[in-house]
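Q: Residues or ranges marked as Fe cation binding site in TrEMBL: GLU66, HIS102, GLU149, GLU181, HIS184. Residues or ranges marked as domain 'Ferritin-like diiron' in TrEMBL: 49-194.
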Amino acid sequence: MKVAKATSSRAASKTAKTVDPSGFLSDVKTLRARARKHIEEGALTDDYTLNVKAAIKILNDALATELVCTLRYRQHSFVAKGIHSEPIAQEFLVHSNEELGHADAIAKRIVQLGGAPEFNPDKLVSRSHAEYVTCDKLEDMIRENLVAERIAIESYREMVRYFAEHDPTTRAMLEGILAVEEQHADELSDLLER
Ligand SMILES: [Fe+2]
Ligand SMILES: [Fe+2]
């Protein structure tokens with residue numbers, strides 16, 4: 001919560017300069033007292049303005065999406081057949097590993113917010129935005145993965161708007177993931193045009 005702290009301090013120091021220097025000091029005291037109060041909550045400070053349970057649920061749905069995408073890409077990377085399959089299978093594997101990296105980042109953030117990341121396989125498909133689809137043809141695989149990426153792109157954009165300035169750390173993480181999903185979609189669409 002470095003950013004929130006910096007903003008509060010900045011606002012307080014502005015007050016201190018123009019209105020009342022003692023106001024700044026009492027603000028620091030409040031800040032320190034608040035920080036000590038719920039110390040077991042770690043990075044989650046009292047100025048977190050979102051409903052943290054709702055935020056964790058949104059992140060767990062994104063985690064499920066990433067895990068389903070990890071598995072779908074991985075399965076496709078093994079079953080891809082045909083004369084042009086090798087580089088495409090390789091690309092599926094690279095994407096699979098990147099989706100797993102996204103899952104890890106999201107799980108880590110869920111823990112920082114005081115939640116438990118959901119890895120129960122029974123719940124993954126129902127929570128995921130994207131679907132787990134297997135295909136026989138290479139072209140169908142590319143198309144299914146592109147559809148999943150487009151779903152991910154839209155849902156991440158929505159999440160970025162939700163977290164906005166309320167939780168800049170989560171927003172920055174999601175923006176980073178969104179940029180990679182856009183790159184994935186772009187690569188898949190290039191493959192379809194070949
Ligand atoms: Fe991803
Ligand atoms: Fe992706």
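Any Cβ shown, glycine's included, is placed from N, Cα and C.
All annotation found in TrEMBL is predicted automatically rather than curated by experts.
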Q: When you measure from the Cβ of GLU181 (Fe cation binding site), how many other Cβ atoms are you left with inside 10 Å?
A: 25
Q: With the Cβ under 6 Å from ligand 1 as the test, give me the qualifying entries from the binding-site residues GLU66, HIS102, GLU149, HIS184.
A: GLU66, HIS102
Q: Which numbers of helix, strand and coil residues does DSSP report for the domain 'Ferritin-like diiron' (49-194)?
A: 115 helix, 0 strand, 31 coil
Q: Using the structure shown, find which entry in GLU66, GLU149 (the binding-site residues) has the sparsest Cβ neighbourhood within 10 Å.
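A: Relative to the other binding-site residues in GLU66, GLU149, GLU149 has the fewest Cβ atoms within 10 Å.
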Q: Going along the chain, which residues six or more apart from HIS102 (Fe cation binding site) have their CB under 8 A from its CB?
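A: Expected: GLU66, ILE177, VAL180.
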Q: List the residues in the vicinity of the Fe cation site, defined as same-chain residues other than GLU66, HIS102, GLU149, GLU181, HIS184 with C-beta within 8 angstroms of the site's C-beta centre.
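A: So the additional residues around the site are CYS69, HIS95, GLU98, GLU99, ALA148, ALA152, ILE153, ILE177, VAL180.
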Q: Counting only residues 6+ apart in the same chain, whose Cβ is under 8 Å from the Cβ of HIS184 (Fe cation binding site)?
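A: In sequence order, the residues whose Cβ lies under 8 Å from that of HIS184 (Fe cation binding site) (at least 6 apart) are HIS95, GLU98, ASN145, GLU149.
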Q: What mean pLDDT score does the domain 'Ferritin-like diiron' (49-194) have in the model?
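A: In the predicted model, the domain 'Ferritin-like diiron' (49-194) has a mean pLDDT of 96.
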